[in-house]
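Engineer: Pasting a structure below so you can have a look.
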Amino acid sequence: MESGSISRQREDAEMPDSSTTEGPSLEAPQSEIPEVSLCPPDSDSTESQMCPVEIEENQTKSSSPFNSHSSTQLERQVSQGSAYHSPPHKKCPCCGHQQPSQSDVCPGQMNALHQADCAASPVKTLYSCSPSRLPSCHTKMQCHWLHGSHDGSNHKPVQHHMVTVRNDGLHRIPRSYSQVIVEYPMTVLISCTLVLFACSLAGILTGPLPDFSDPLLGFEPRGTDISVRLATWTRLKQNTGPGKPLSPVPWQLTEKTTTGKDTIKSEPQFRERSRRMLHRDNAEHNFFCNAPGERYAQLVFRSGNSASLWSLKAIYSMCQMEQTQIRSGPQFDKLCQVKSEFYGSMVKNECCPSWSLGNYLAVLNNISSCFSLTSQQVSESLGLLRFCAPYYHDGSLIASCTERSKFGRCASVPHRCKLSSIFQILHYLVDKDFLGPQTVEYKVPSLKYSIVFLPVEKSDSLMNIYLDHLEGHKLTYNNTTITGMDLGIKQKLFKYYLARDSIYPVLAALALLITIGLYLKSLFIAAMSLVAVILSLSTSYFFYKVAFRLTFFPLLNLAAVFVLLGSCLNQALTFVDFWKLQLSHNPPAVPEKRMNRVLQEMGYLIIVSGLTSSVTFYSGYISSITAVRCYAVYLGSASLINTLFALVWLPCTLILQERYAVLSSNTVGKVAWKPCCSKNAGGFWETSSRKRCLFTFRQKLRTLGRGFSDTSNLLFLKILPCGVVKFRYIWICWFAVLAAGGTYISCVDPGMKLPTSDSRTTQLFRSSHPFERYDAEYRHQFMFERMKDGEDEPMMLTLIWGIVPSDNGDHFDPKSNGSLSVDPGFNMSSLQAQIWLRDLCGKIQNQTFYSPLSAEQDTAEDNVCFVEHLIHWVSIRRCSESEDAFSFCCNNIPFPYPPRVFEQCLSMMVAEQHAEGRLPSAGGLRFDSEGRIAALVVIFKTVQLYSFNYNRMSQFYQEILSWFNREISKAPAGLQRGWFVSQLGLYDLQQCLSSETLEVAGFSVALTFALLLLTTWNIPLSVYVSIAVAGSVFATVGLLVLLEWQLNGVEALFISAAAGLSVDFVANYCISYSLAPHSDRLGRVAHSIKRMGCPVATGAGAYFCVGIIMLPATALLFRKLGIFLLLVKCVACGFATFFFQSLCCFFGPQNNCGRITLPCVTQQSTENILSSCSATEPGTNNPAANGAFGCGKGSRVRRSFNKENEGFLCPNQQHHRKRQPVGGREPEQNELQPLACQLSDSFENSTCTSKLSNRPSVLSDDIQFCGLSPKQDYDRVSIEADSTEMCSRHLKGCNPPPALQTSSPYKENMLRLPQDACKEKVLCKKCRGQSRGGLQLWNVSLSSSSSMDEIMITQTTDTVNERSLSMDDHIHKRLLSCQSQSSIEGLEESNDTCLTEVEAAIPQAGKIEDEFQPGHLNGKRDTLRLSLKETVYDLASPGSGRVRTAQSDVPVILPNSKPDMPDVWIKREGKGEGGS
């Protein structure tokens, strides 16, 4: 209000009854509250102080309903402008009109008289900050630069009041959770924090801390059929051998047979002989120390321009790079293998030469160094290799040909090809395609890759060599490049990168916290968010470790930090926004009511979003991968704890912040004003030039902040709602196609790229890293690696009986393998079993997948026909007449043998084979410690070659499975529990990742639907949210496929959490839509976007920054985590904002459609909970079409203005009138009938399709924002409009506030009705002249049930002539700009404020005043522009104990936004007592 305005009011004007809704109230006396100066003091002696005024509560309860009063009454009394301590009123001698006297002295200088009354006893202090209703008092020298720009339309001085109220202390029992939070915030916050801290401490101190030494542990499947069989087969091999529970031979027979002892010793003697022969071969050349092997460090070379490495230049380059890059460092000499050379009596130790192509060619040509090679020698060596390569590729040339050149396969190999150098070059040093079967005939074969084996074993000691000489250095020389390497330090280097790159996750977390701080302008809330996340994670670790008894803690569990920070970001933004919205009420409600309102809506949103996210995180529990299951349990528990804790720390933090911010601002404000409040205007600038720079910088920041705020308001209050609603057809089609395309890409073609290696060699660094290139590309290019992995080798099929396939270890601990379980029902000695096992041999050999043995292959590799071998062995044994055939297994025994004879003969045959060295290496029988047969293992080769192709391996597995199940069903009783296993570990991992990842995603979507249905009880909204979440998840997975991500355990873990990360944003819109104060779909959609658009976009933008920040990380875990968070949050934001809202535009629930109602709670829910489906029907006379909630009971209450409801805005108002005491006329009720009734319930008319050409659209740019924050204005009006409880309470316990007193561009005589002119008491000219300087506008709180289209106006009889006062244009505009913060944004909340048809033309200005009819548009409909700045009421209340004696019949004028446009006359006949 301008300082020059004059306050005019009746002498006997009444203050509103400040009774609360909790019970009856007593009209309390007005408190003497000292005025607080709004201007800086001139000196220290004139500093304004705020003195608390103690108000003693009545300690004695009375039976009278008017015996008690609350802090709510006190705060409302303090908030009224006329109740303040002010100078005495001047009384006009002519008309008796009173006006407050104006003083030139700041009110703050009058406080000294009251300072002595400040109480020193413990008291409760309530603060009320509301716009000042008093004229601003400023000194002549003002420090305007400290307050920023004072725009008349935006700036309103704020007056701080402090009231001290004594309460009953500990004897007062809180009635609700919000009351506990408001009265004891510090106690509640500290108590909950201590509980969580105690749990965290217990989790840390109980047992060992997590071990991250093996970051890749736990990414293998556990619990599947194949994994259980592979684990059992592994344990069977581990438990077989000397000194172990099982043995391949009966130990009783081996102890008696000396041949067995000699044979047992023959194997190590054979190895020693081979080692001596290899040493003798190397000693002839006197060059290499040993043979190359996979235990040595390896470097892969390739030509830069794809040229062949088989050239003298390339060979020189490889030798040179080895010398400069590897051997030049002093650390290499300490780690390399050393060979001793004797020079006379001296011994010289030097590093062994590397196994490189150049050195082998030097050996073949009998030269000392690779630098001495010539082109001719290189060509001759190529010819030798070309000649010997076919023998290598057909399997004839093997490593043993050097030792046994005349036996077995080596007999056909030429002598000059039996050199170890030929085999080692082809086997180790060159790629598989060099001189292969397809390229051996090429004239100039191409050598693409070549390996160099360093004489250093793989170990962590090579870490320094890599970091000092290889990482970050140029690895190219003469167009030859080192592109891959395997130094055995991949795991250690990964942990090194994790530690070095940890700065990126820290920066990402800080980005989320800074986003919270900047958005909410509170570092305290950001710090509390971090504390809440830490306590939630540590408490979840306590439950993870103590309650769930899980010992394995994978490294990726730490990624839950970003998930919880994002959850805290969403919770804090929505909660604090709504809290600030409650504070923007004029005046704000008491803290208890505000907190109760915020917890009802935002607490509900937090619970719905948090519970849904937590349960979807738990969906990863159904996965078979251990790390994914552990991550699901930990993240789900942490999210649940964080959700529950958010309902404690968020409200407590806001109460504490509000409580202590007032004290700090008052203390700091006085000190901050001293340097600049000098008598000399230039004193501020003369103090220091640094202050001018700081002031300029601060002004720039303010300007930037205001510009950003205006842009945000324009985007999220206008552009985004209009864009979503008007282009909903495009959005729903576009995102539907995006979801369908993502589903097709991720599930059908091409699908996620499955891993080509087991989990131990998973990708840890970027694809361009030399370690990753070796594992992904070069490992499959060399024959020694391919043979080690069994690639392109026939797969072995193993059939096992006697052992139960079980995994009785802890499935949540990869190190817990369990024990071996023996089948007690195993019996292979029965007659039926012997016959079935004999027939099984022929059945296997007749299968298409069986690979028969060649004549050159060792029969020990295949024991499928061991029964036939036993029959043959028994038949060739000759027994004498004195010998017992059954005891010595002679030829006189017919088959099938008696069970005891079968076991004895079988044991003897195995002992004889073992003595001869023909015992199968892996198959055969397993004997227990007593010599009995405990298990049977049958192994044979198949025609299927080992492959990484999932489809090929799946076809082979299904073929074997169907055949084996068919055969085992016909087996005798003792053999029916057999099972098979093969090299299916990679296939099992691929199968789990390809199927279970999609199953987890689908299950999480189903859980989303279930949880939303349980929390919202609305089927359509739950379905739409589930569709949006599913589309977001599959679109994200489709984008990951397009980014060529390989589906490993890490990726599966991320995808399992995708639904939980996507549901937050959709839940925000869903709850906001269901609580919107609109009955039509489009209005609810616009409301939810305006309310939640900014927090959702801010959260998505914060995660976008997180992804960008983590991109430079070398560790692939951080990079993928950042990319995944970026994609899933941005895609979820798009689907929530555009797809979900578009679905609601088309099929959003209304009129209770889809809502599950329980009969026992229907009545209560309709009274206390905001209904998401209005009962409004198109074409009915219902003001709810304009965006207001129903105020009464029931979900289908209609608020109309016809005689049926007796002309009341709310149903409860009728009952309220009935309770009024009889006396005088009822106050007149006036309203704008054409805007409130008979409007179509459509968002189209209120947004973009208004038929009124001159009226601006609700979402158009013609609307001018008023107030400090348009977004707060909009939110305040919309929140107040949707509170049915507050509306009901206001009508029951509050008095009607005063009517709006304003000016009109019409003349005085045009505003009064002739028949009422004689009844009015006219003010004198002096009073009228004083009133032209300004007007007193009552600033009262908007009722929560009122909206801009439901304006109820009452008028007292003694202020009638004030309506006839006219003002100048500039005075009129200042009034409109300085009114309460209920700005024209309230119109945006209305669904339908435009007119549906055009009335008659504008009447001429010369017509008499009789033609202007009250309650009608008076022919100005096409130019009507309303600027409803304040919802106004009459302060006089019949319930206050005094009855008004007269009522004015003059209609109320609602001013137009432009002075040249006509005002609107509105009038509605009030109902008397009888009529009500």
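Using the three backbone atoms N, Cα and C, a Cβ is placed for every residue, glycine included.
Annotation source Swiss-Prot lists compositional bias 'Polar residues' at 60-83. Per Swiss-Prot, compositional bias 'Basic and acidic residues' is recorded for 1465-1476. For 495-656, the entry in Swiss-Prot reads domain 'SSD'. Among the features that Swiss-Prot reports, N-linked glycosylation site is placed at N58, N366, N478, N479, N817, N827, N846, N1245, N1339, N1391, with the record citing sequence analysis. The region 'Disordered' feature in Swiss-Prot is assigned to 1-84, 1447-1476. What Swiss-Prot records for 185-205, 506-526, 528-548, 550-570, 602-622, 635-655, 729-749, 1000-1020, 1023-1043, 1047-1067, 1098-1118, 1121-1141 is transmembrane segment, and it gives sequence analysis as the kind of evidence.
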Engineer: Verify whether three or more Cβ pairs under 8 angstroms connect the transmembrane segment (1121-1141) with the transmembrane segment (550-570), leaving out any pair fewer than 6 apart in sequence.
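Structural biologist: As far as Cβ distances go (cut-off 8 Å, pairs 6 or more apart), the transmembrane segment (550-570) and the transmembrane segment (1121-1141) touch.
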Engineer: If we skip the immediate neighbours and take only residues 6+ beyond the ends of the transmembrane segment (1047-1067), which ones have a Cβ under 8 Å from one of its Cβ atoms?
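Structural biologist: Sequence-distant neighbours of the transmembrane segment (1047-1067): 218-220, 556, 563, 566-567, 570, 605, 608-609, 612-614, 616-617, 619-620, 623, 625, 627-628, 631-632, 635, 639, 752-755, 759, 762-763, 993-994, 996-997, 1000-1001, 1004-1005, 1007-1008, 1012, 1025, 1028-1030, 1032-1033, 1036-1037, 1040, 1096, 1099-1100, 1117, 1120-1121, 1124-1125, 1128-1129, 1131-1133, 1135-1137, 1140.
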Engineer: Output the one of N366, N478, N479, N827 that, of all these glycosylation sites, has the highest number of other Cβ atoms within 10 Å of its Cβ.
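Structural biologist: It comes out as N827.
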Engineer: Tell me which of the glycosylation sites N817, N846 sits in the most Cβ-dense spot, judged by other Cβ atoms within 10 Å.
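Structural biologist: Of N817, N846, the one with the most crowded Cβ is N817.
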Engineer: Among N366, N478, N479, N817, N827, these being the glycosylation sites, pick the one whose CA is nearest to that of N846 (N-linked glycosylation site).
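Structural biologist: That would be N827, nearest by Cα distance.
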Engineer: Go through the chain and flag residues at least 6 beyond the ends of the transmembrane segment (1000-1020) whose CB is under 8 A from any CB in it; none is fine as an answer.
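Structural biologist: Residues 607-608, 611-612, 615-616, 618-620, 622-623, 628, 1026, 1029-1030, 1033-1034, 1037, 1052, 1055-1056, 1058-1060, 1063, 1067, 1070-1071, 1074, 1147-1149, 1153-1157, 1172.
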Engineer: Taking residues 6+ outside the transmembrane segment (1098-1118), which of them lie with a CB under 8 Å of any CB in it?
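Structural biologist: Beyond its ends, the transmembrane segment (1098-1118) has Cβ neighbours at 215, 494, 497-498, 500-501, 504-505, 507-508, 511-512, 515, 519, 555-556, 562, 566, 569-570, 573, 763-766, 769, 1050, 1064-1065, 1125-1127, 1129-1130, 1132-1133.
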Engineer: Using a Cβ cut-off under 8 Å, which residues of the same chain at least 6 positions beyond either end of the transmembrane segment (185-205) come close to it?
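Structural biologist: For the transmembrane segment (185-205), the far contacts come to 531, 535-536, 538-539, 541-546, 641, 645, 648-649, 651-653, 655-656, 659.
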Engineer: Considering every residue in the domain 'SSD' (495-656), what is the mean pLDDT value?
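Structural biologist: Summarising the domain 'SSD' (495-656) by its mean pLDDT gives 92.
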Engineer: Counting only residues 6+ away from its ends, which parts of the chain sit with a Cβ under 8 Å from the transmembrane segment (729-749)?
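Structural biologist: Hits for the transmembrane segment (729-749): 998, 1030-1032, 1034-1042, 1134-1135, 1138-1139, 1141-1143, 1146.
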Engineer: Cβ under 8 Å, sequence separation of at least 6 from the ends of the transmembrane segment (1023-1043): give me the contacting residues as numbers and ranges.
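Structural biologist: Here the qualifying positions are 735-736, 738-739, 741-747, 750-753, 1001-1002, 1004-1006, 1008-1009, 1012, 1051, 1055, 1058-1059, 1062-1063, 1066-1067, 1070, 1123-1124, 1127-1128, 1131-1132, 1134-1136, 1139-1140, 1143-1144, 1147-1148.
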Engineer: Using C-alpha atoms only, work out the spacing between N479 (N-linked glycosylation site) and N827 (N-linked glycosylation site) and round it to an integer in Å.
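Structural biologist: That comes out at 67 Å between the alpha carbons.
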Engineer: Please report the distance from the Cα of N817 (N-linked glycosylation site) to the Cα of N827 (N-linked glycosylation site), rounded to the nearest angstrom.
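Structural biologist: Here the two Cα atoms lie 27 Å apart.
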Engineer: Please classify the secondary structure at N827 (N-linked glycosylation site) using three-state DSSP.
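Structural biologist: Assignment for N827 (N-linked glycosylation site) reads coil.
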Engineer: Tell me whether N478 (N-linked glycosylation site) sits in a helix, a strand or coil according to DSSP.
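Structural biologist: For N478 (N-linked glycosylation site) - judged by DSSP and reduced to three states - the answer is coil.
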Engineer: Using DSSP, would you call N817 (N-linked glycosylation site) helix, strand or coil?
Structural biologist: coil
Engineer: Provide, as an integer number of angstrom, the distance between the C-alpha atoms of N827 (N-linked glycosylation site) and N478 (N-linked glycosylation site).
Structural biologist: 69
Engineer: Please report the distance from the Cα of N366 (N-linked glycosylation site) to the Cα of N478 (N-linked glycosylation site), rounded to the nearest angstrom.
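Structural biologist: Just about 26 Å between their Cα atoms.
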Engineer: In which DSSP state, out of helix, strand and coil, do we find N366 (N-linked glycosylation site)?
Structural biologist: coil
